[in-house]
Amino acid sequence: MTHMSIFLSRDNKVIVQGITGSEATVHTARMLRAGTQIVGGVNARKAGTTVTHEDKGGRLIKLPVFGSVAEAMEKTGADVSIIFVPPTFAKDAIIEAIDAEIPLLVVITEGIPVQDTAYAWAYNLEAGHKTRIIGPNCPGIISPGQSLAGITPANITGPGPIGLVSKSGTLTYQMMFELRDLGFSTAIGIGGDPVIGTTHIDAIEAFEKDPDTKLIVMIGEIGGDAEERAADFIKTNVSKPVVGYVAGFTAPEGKTMGHAGAIVSGSSGTAAAKQEALEAAGVKVGKTPSATAALAREILLSL
């Protein structure tokens, strides 16, 4: 039986920008073990070399290192790229991927200056928005049993009817663990920076259209108005049940909590305001991650 997913499936061919770096080396190995079709990498200074890894079956494979994203796409047919380059080089790496018109770009890198991200996003828009960007500062995306583009542990759970979109990486893992017996179509960590590519709304819209996703779980956090905007969208566009959690109920005003985007100003951006907006849109909101998982389980089993 083939399971559907959103944005990423077993058919995607993946390249890694910065494949020779230490973090990229570790996660390339993990992605290959998870079944991801990694077809090569990019590092202009090491173009023409190869890196050796084990595939899912434990066989040694040599992955080619290319000088550019465009060349990698041309030679391998890649349609997904993952960025593992340091923050100072991230803007150029993102621009290069946009110029090559890669359909999906996952930016793992943490600590990219917000003005660099904002510049790259404007550039993508100007270029006709041919590239979907997930991140930055995120764990990426996993369609369990199919493919992993990012750093989410692949062995937590298998395929199933839950679609998950989260601002928090660690809460993504916790939610997958709590509902591991039920499984997930796709889980996306969208990142907690003030400027991100794929939003809650983008993911929720895709889950609504995905025939194999029966229930949507969204994890937000204090700061900004993304959750309020998602609530408005859900109200008019989503027929599937949605369960939510908002991290940061105990946050003091004006203090950044873990993510640069997680900051409360006045009554806007508080967890209570977000919970209220979501509940008004028919979303069941849990008080804790575990309570949220319990709500999801209860609703899913009653469908």
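In case you wondered, yes, glycine gets a Cβ from its N, Cα and C as well.
Copied from Swiss-Prot, the annotated features are:
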ACT_SITE  H259  active site, tele-phosphohistidine intermediate
BINDING   T20, G21, S22, E23, K46, I108, T109, E110  CoA binding site
BINDING   Y173  substrate binding site
**Item:** Alpha-carbon spacing, E110 (CoA binding site) to the residue listed as 'substrate binding site', which is rounded to whole Å
**Value:** 18
**Asked** Can you count the other CB atoms that lie within 10 A of the CB of S22 (CoA binding site)?
**Response** 9
**Request:** Please classify the secondary structure at the residue listed as 'active site, tele-phosphohistidine intermediate' using three-state DSSP.
**Result:** coil
**Message:** If the CoA binders are T20, G21, S22, E23, K46, I108, T109, E110 per the record, what's the largest distance between their Cα atoms, in Å?
**Reply:** 24
**Complete:** One residue among the binding-site residues T20, T109 has the fewest other C-beta atoms within 10 A of its C-beta, namely T20
**Asked** Among the recorded positions K46, H259, which residue has its Cβ surrounded by the fewest other Cβ atoms within 10 Å?
**Response** K46
**Structural state of E23 (CoA binding site), classified by DSSP into three states** = helix
**Message:** Neighbour count, 10 Å Cβ-Cβ cut-off, for I108 (CoA binding site): what number do you get?
**Reply:** 28
